[in-house]
Amino acid sequence: MDLEAVCKRSALHAKPQGLILQYGTAGFRTNAQHLDHIMFRMGLLAVLRSKQTRSTIGVMVTASHNPEEDNGVKLVDPLGEMLAPSWEEHATCLASAEEQDVRQVLAAIVEKEAVDLTQTAFVVIARDTRPSSEKLSQSVIDGVTVLGGQFHDYGLLTTPQLHYMVYCRNSGGRYGQATVEGYCQKLSKAFVDLTNQVSCSGDVKRSVKVDCANGIGALKLREMEHYFSRGLSVLLFNDGTQGRLNHLCGADFVKSQQKPPQGIEMKSGERCCSFDGDADRIVYYYCDADGHFHLIDGDKIATLISSFLKELLLEIGESVNLGVVQTAYANGSSTRYLEEVMKVPVYCTKTGVKHLHHKAQEFDIGVYFEANGHGTALFSEAVEVKIKRLAQELDDGKGKAARTLASIIDLFNQAAGDAISDMLVIEAILALKGLTVQQWDAIYVDLPNRQLKVKVADRRVISTTDAERQAVTPPGLQEAINDLVKKYTLARAFVRPSGTEDIVRVYAEANSQESADRLAYEVSLLVFQLAGGIGERPQPTF
């Protein structure tokens with residue numbers, strides 16, 4: 001490793017003095033002006049990770065649902081999953097190192113991880129459509145090449161497409177072809193095979209309106225739609241030709257504001273969905289005959305998918321370990337419906353998609369979605385092989401169910417949550433079951449809920465357990481929350497510290513909106529009093 005050359009090149013990507021950023025679930029994210037040095041250094045780190053794992057590593061330049069002026073970067077591990085936690089720490093150390101310490105930090109990573117520097121390295125790079133992304137991805141390439149790594153620049157991709165490419169490259173082609181065409185063809189063939197089962201006798205062609213958040217999703221959906229256009233018409237809105245990325249549109253806006261995005265015309269009963277800026281999240285919604293807006297979030301998406309998978313498994317007659325993974329933010333009604341009606345086991349993990357993904361890997365079939373619409377389904381290799389064998393061997397109704405399940409398996413992007421893949425899965429299931437969007441929404445009724453934030457002097461005062469549903473410290477807080485919850489019907493509440501700033505997040509749900517609002521307010525007052533609240537005391541919102 002020519003550290004002299006690295007240091008010389010690093011000086012051309014100088015770090016702003018005193019800037020400290022932490023590698024989190026979403027990698028690094030901040031204003032694009034501050035990211036040049038981080039991009040270069042993540043190129044360096046990707047080479048070391050590639051040498052250590054003897055695999056292709058991915059680097060994605062994106063800031064997902066953040067505003068257009070921001071950008072970010074995250075590394076993708078060999079199976080398309082997020083970077084290993086120990087390497088997240090290396091990323092933080094390397095990004096935060098002052099210029100004179102870069103050499104030392106790199107040497108320490110090499111020693112600690114026993115990196116064989118003679119090993120070849122291969123890195124694949126992609127970016128979203130932000131104005132800053134092309135220049136920043138060149139800084140990544142600069143870091144890769146100065147350490148002698150080889151690379152392939154995919155140019156513009158959605159984040160889940162890059163995860164898919166990494167997985168394909170490291171599976172020796174078993175998972176699919178590591179090209180955009182390979183991705184489009186695999187998903188489209190599975191979708192067309194599924195929708196061909198649906199009788200079209202006089203039916204109007206199915207269509208869905210898609211808000212693409214003025215991001216990369218529009219570009220990639222347009223590239224792909226001709227592959228499956230016979231089965232589904234997609235009408236694109238916020239396609240990047242006019243508005244700003246994520247501005248008053250996109251999945252995050254729709255979920256947080258509980259209203260439709262700008263730039264989309266909604267008629268009663270029409271299915272609409274929104275992607276986020278890098279197309280790894282999706283939420284659905286519609287307006288009823290009275291003009292009321294209805295959101296269908298990740299909880300209801302997981303319920304639709306897992307219920308359908310359970311039905312297919314029952315038809316095939318296979319006993320398979322199927323589980324759904326949620327976070328504490330999942331609506332209580334969804335958990336009750338899955339456990340009590342569908343008899344599907346539900347597991348709760350800490351917030352953060354990497355926790356859900358890892359838990360889902362423990363099942364034969366693991367379905368996970370965060371309420372924000374980020375999720376997918378994972379199938380063990382043994383289950384995939386078995387289902388595809390049954391699909392070929394069986395002729396009767398069992399064979400048809402096995403073939404349907406085999407196509408569903410191919411339609412999922414198992415490397416990461418993928419808005420395009422998830423949309424096609426949802427559209428296929430709705431078509432096969434003959435469900436309208438209103439009927440899907442009516443599977444269960446969400447419990448009213450409220451989320452609040454409380455400013456505190458130090459968020460570390462609060463620690464949690466039981467997948468963030470119980471507060472351990474400060475003493476007395478959890479007991480006081482329990483006493484408040486007992487006053488309301490079908491109620492629960494929890495508090496958790498933010499991962500990035502000194503605030504505590506409060507969640508409450510109950511059988512009425514007024515009760516949920518009151519409970520959230522009372523819990524936020526407790527946090528303010530017992531956990532060192534600062535600034536203005538929480539005020540009632542009801």
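In case you wondered, yes, glycine gets a Cβ from its N, Cα and C as well.
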Query raised in the report: Quick one: which of T62, T351, T436 has phosphothreonine in Swiss-Prot?
Result: T62
Query - Listed co-binder of Mg(2+) (same site as D276, D278, D280, source Swiss-Prot) among S64, S86, S498 - result: S64
Query raised in the report: So what sits near D278 (Mg(2+) binding site) in its own chain, CB-to-CB under 8 Å and at least six residues off in sequence?
Result: M60, T62, A63, S64, H65, D128, T158, T159, G215, I216, G217
Query raised in the report: What Cα-Cα separation, expressed in whole Å, is found between D276 (Mg(2+) binding site) and N372 (substrate binding site)?
Result: 10
Report summary line: Rounding to whole Å, the Cα atoms of G499 (substrate binding site) and D280 (Mg(2+) binding site) are apart by 21
Report task. Could you say which of the binding-site residues P497, G499 has its Cβ with the most other Cβ atoms inside 10 Å? Result -> P497
